[in-house]
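As given in TrEMBL:
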- Glu99: active site, nucleophile (ACT_SITE)
- Glu103: active site, proton donor (ACT_SITE)
- 25-213: domain 'GH16' (DOMAIN)
- Asn107: N-linked glycosylation site (CARBOHYD)
- 1-24: signal peptide (SIGNAL)
Amino acid sequence: MAVSAFKMLGFFIGFFLMESLVSSAKFDELFQPSWAQDHFAYEGELLRLKLDSYSGAGFQSKSKYMFGKVTVQIKLVEGDSAGTVTAFYMSSEGTNHNEFDFEFLGNTTGEPYLVQTNVYVNGVGNREQRLSLWFDPTKDFHSYSIFWNQRQVVFLVDDTPIRLHANMENKGIPFPRDQAMGVYSSIWNADDWATQGGRIKTDWSHAPFVASYKGFEINACECPASIAADDNAKKCSSSGEKRYWWDEPTLSELNVHQSHELKWVKANHMIYDYCSDTARFPVTPLECLHHRH
């Protein structure tokens with residue numbers, strides 16, 4: 001099997017500029033609780049977030065970033081997780097924010113977890129895709145990653161691409177490349193919509209619902225709050241002697257092996273794609289007309 005371009009990260013780190021980059025596997029070096037700190041449990045390198053009838057919980061990165069790759073390993077809620085959502089995402093701030101979402105939708109015992117992804121650009125989302133996974137995400141830890149450069153946003157599960165959002169600015173379609181983004185995760189009750197359209201409600205007799213985390217990694221360009229957005233975009237882009245690993249030509253698009261992996265995921269695990277929802281979008285969204293995948 002061909003080696004994923006994203007697995008070549010270690011190679012690039014050795015050869016290209018790493019100024020203002022962060023890489024760590026320890027939670028407290030990169031993140032901090034954002035709400036319900038009493039619903040956090042630390043066990044060595046593991047972090048557990050719990051949801052009960054009183055509250056969920058969430059954390060966020062201490063810094064914001066532009067371009068690179070963020071990864072966390074998650075073991076999702078075991079057993080009856082209906083009504084619960086565990087999210088891992090990147091987001092900027094404001095009404096015209098950009099956002100890249102993983103949302104893991106719980107289900108009744110024996111039914112598969114679903115993964116919903118979404119992309120917001122300039123405050124506009126409604127780009128949902130849903131898929132099943134080729135493994136049980138409640139039995140072990142698996143890595144979930146977002147790779148982002150000026151050419152593409154790629155969602156990855158165990159380094160297998162499950163979604164590509166390509167830069168099509170040449171078609172008049174906005175692309176998220178001018179706002180620094182924080183990294184977030186949370187678990188909460190969403191039984192009004194999360195499981196079978198909200199028909200299955202959260203069974204609180206099974207609480208607490210616990211999502212477990214480890215392997216926190218951010219290999220991206222850190223953006224101080226004191227620097228203007230335009231200056232951050234310049235600082236985090238390669239120019240002249242300054243070369244960042246995410247700007248390498250091999251990472252400007254998926255390679256042949258990755259394209260085949262993505263096609264396999266879509267053919268075998270895709271459950272919903274907004275591009276195919278003619279009831280919701282009588283006029284096909286412009287990016288869907290031009291997208292290669």
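Backbone N, Cα and C define each Cβ position, glycine as well.
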Confidence summary for the domain 'GH16' (25-213), mean pLDDT rounded: 94
Rounded inter-Cα distance in Å - Asn107 (N-linked glycosylation site), the residue listed as 'active site, nucleophile': 25
